[in-house]
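**Student:** Let me begin by handing over the structure; questions about it come next.
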Amino acid sequence: MKRIKCTVAYDGTLFNGYQRQPGQRTVQGEIEAALEKISKQPVTIHSSGRTDTGVHAYGQVFHFDSVVNMDGSRYVRALNSILPEDIYIIDSQEVHPEFHSRYHGKVKEYRYRLSLNEYNPMKRNYVYYHRFSLDVEKMREAMTYLLGTHNFTSFCGNLDDIDKVRTIYQADLIDEDGELTFIFVGNGFLRYMIRIMVGTLIQIGEGKKKPEDIKTIIEAKNRKLAGHTAKPQGLYLQRVDYPEEMLKPLTDYVDNEK
């Protein structure tokens, strides 16, 4: 049995989220159905995380244990020949048998796309259109307060007892003629965290909050102080990075010791 890691891109528009749900069309459900056709038996995949309804991905990662005697790289063609057009396997490879797509992920990058330009119905599912002007420099200033290790309870939509401490390594805002891209890179993100941060930054851009209010909001650990949850269609899971040693199949280690 081999452990296979796959990188997948998908358009989240017509899915009821990523995670498998009975009677619903989900990304996980479609992938597992395709793998079952290849393996002739049920296959469960384990992913780096789950995305909500309407959220997209360029670099979601999942793994599964293959019972088929097939080179790991061949799953790209095998899966893409079965999967619907709104899911595409970018890469597949055999990895270390203890590799886990969720627990070994060390860096995640998300991007959020917002447009200040005239509404285009063709893009409505892939960018959030904001009707009013925003002060981009104030928003950039505010993003500096998000950097580092903090308890992000104020930016979390889930109020259970999970650890809400996360580290953000990079927070940038690119403005290309009114097409804004928020970039967040960190060791992990809480549910709705990116969308709540963007919603708060929008309020700062509108002048409803000050850039330095971010620090106060973080320290308060109070969801009510942060902004609204930005709409899902602008959010993209860009990439997930892993330790190099976990990306090598066990045979590589054996060969190197000879």
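Every residue gets a Cβ built from N, Cα and C, even glycine.
Annotation comment: TrEMBL describes 8-103, 142-243 as domain 'Pseudouridine synthase I TruA alpha/beta'. For D52, the entry in TrEMBL reads active site, nucleophile. What TrEMBL records for Y110 is substrate binding site.
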**Student:** Which one of these recorded positions has the most other Cβ atoms within 10 Å of its own Cβ: D52, Y110?
**Tutor:** Y110
**Student:** With DSSP as the yardstick, break the domain 'Pseudouridine synthase I TruA alpha/beta' (142-243) down into helix, strand and coil residue counts.
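**Tutor:** Going through the domain 'Pseudouridine synthase I TruA alpha/beta' (142-243) residue by residue, I get 35 helix, 31 strand, 36 coil.
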**Student:** Quick one: pull the CA-CA distance for D52 (active site, nucleophile) versus Y110 (substrate binding site), whole Å only.
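**Tutor:** Between the alpha carbons of D52 (active site, nucleophile) and Y110 (substrate binding site) there are 13 Å.
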**Student:** Taking DSSP states H, G and I as helix and E and B as strand, how many residues of the domain 'Pseudouridine synthase I TruA alpha/beta' (8-103) are helix, strand and coil?
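**Tutor:** In the domain 'Pseudouridine synthase I TruA alpha/beta' (8-103), the DSSP-based counts are 25 helix, 25 strand, 46 coil.
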